[in-house]
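Right, one structure below, let's go through it.
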């Protein structure tokens, strides 16, 4: 028998509102609408299919504040993660958002109306407090804090939703189950105990051994339930991962395991995320849930320390064990014993027995360089799939991002670097300069700050797509704020696939030199008030944080600077 949903009732809003579907769809044509972001789309799908039970919509202010402060909804129900619909001040005015207002929520991919929200309230959250309470620190090194700072609007809209239809998916349709469908599947197969395994990474032999061992110890079956929504920037894309999961499912004992995909937008919130994941798997019918070491941890903070302790997630899940009503299975680190050709938990290996392991970092190195991956670590079909999606380092694309003041020499450096990379061959080389693309995309001397921001978004998207295709991209616009630089980097890291190799070059030529050698007279016109928005004159050029390289044409000539960039690329095995 599948586990009882969190809160006692599965909130399948699609089924609940089926009889209203035609009326709701017609109403959606007559009311204002919001086009959802990718994360909001993931959240809405799990709201309307019951994956986020007991939620029936996006959190109002009372629920939001309670969740941030105490991991509970306003009625006291355990729920650790804020699920919010963010809007801008312009959205509030444009849509006349106020309590009682009905707004259609649309899919950003095909513009289909998915649900209608009845506004409960519109409120301005304390996002710094949210970062500290939910993620542990207001540190932009945390991907969700960076997302909160750069992509989340300043107001939230709370309210329950009525479901029109779930989002349409065209990929891996047979592997996508709603909670009700997965529960029905377990019932049909008479699975009374189900151990759910959460992952956002490819699986290898150790993961298979871990899950098989957990199931056998509990006389249960295994649900491999990977996340295919938003994960951490730089993660393996979900298409590749699902092919890996399909290959590894054939290695399970017949009838033991089942693969289903979860359209979740992860927050990488460590302990809170583990409790959230347990609730979600409980809603999908699982009775047991594997919680790993540093579960859903985002890596290192700005001081180079782990955001969370290795067992903080397990401790928090155990703290709420009685309310969760899903049994936690602590992750056991598995290691390979060559003498017996088997995997065993590390703490069960006798002292002195030889063990072998390959870290995630080492695996990525081998994939990038084409070095062999032993069959004791992974299966041939898994390695083949990964190699198809992750070509050798010399075939991967990359983005060299140069920015500095106008006339700092960044354009000259970029053009010279293009020549050198073309001379070396092996990749197409794309050059994106402000001067050459300004008529179409980049008009800093006449555009508003909002238009410039959109232009930079377009530029970063183009750069990411070119790098994904294996090109060397030299990107050299004038970007005077660190937030905009971080946004460009984030776009490349999240969208460029195996080409997500990003190198930030700070062209730190002093303003005095830039202005003294300005043949186009941009600075003269700016100081005369003829044009505005010129960094260094009427807008500050913020200090460049964390560049891989800092150069200055008053201290080095162009060939020397270009050579230093080439050496940086060679150090990363890209040339």
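Counting begins at 1 with the first residue displayed.
Glycine residues also receive a Cβ, built from the backbone N, Cα and C atoms like all the rest.
The following features are taken from TrEMBL:
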| type | residues | note |
| --- | --- | --- |
| REGION | 1-170 | region 'N-terminal' |
| DOMAIN | 4-165 | domain 'ATP-sulfurylase PUA-like' |
| BINDING | 198, 200, 296 | sulfate binding site |
| ACT_SITE | 199 | active site |
| ACT_SITE | 200 | active site |
| ACT_SITE | 201 | active site |
| SITE | 204 | site 'Transition state stabilizer' |
| SITE | 207 | site 'Transition state stabilizer' |
| SITE | 331 | site 'Induces change in substrate recognition on ATP binding' |
| DOMAIN | 396-552 | domain 'APS kinase' |
| REGION | 396-575 | region 'Required for oligomerization' |
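Residue 200 (sulfate binding site) has a Cβ environment of 20 other Cβ atoms inside 10 Å. Confidence in the domain 'ATP-sulfurylase PUA-like' (4-165), given as mean pLDDT, stands at 97. With a cut-off of 8 Å between CB atoms and residues at least 6 apart in sequence, the same chain places 248, 377, 378, 379, 382 near residue 204 (site 'Transition state stabilizer'), listed in sequence order. Within 10 Å of residue 296 (sulfate binding site), as judged by C-alpha distances, the recorded positions found are 199; the full candidate list was 199, 201, 207, 331. A simple way to gauge crowding: the CB of residue 199 (active site) has 19 other CB atoms within 10 angstroms, across all the protein chains here. Across the annotated binding residues for sulfate (198, 200, 296), the two most widely spaced Cα atoms sit 9 Å apart. Neighbour count (other Cβ atoms within 10 Å of the Cβ, all protein chains): 25 for residue 198 (sulfate binding site). The number of other CB atoms found within 10 A of the CB of residue 296 (sulfate binding site), across every protein chain shown, is 24. Residue 207 (site 'Transition state stabilizer') sits 10 Å from residue 199 (active site), taking the C-alpha atoms as the reference points.
Close to residue 201 (active site) in the fold, though at least 6 residues off in sequence, lie 235, 236, 241, 360, each with a CB less than 8 Å from its CB.
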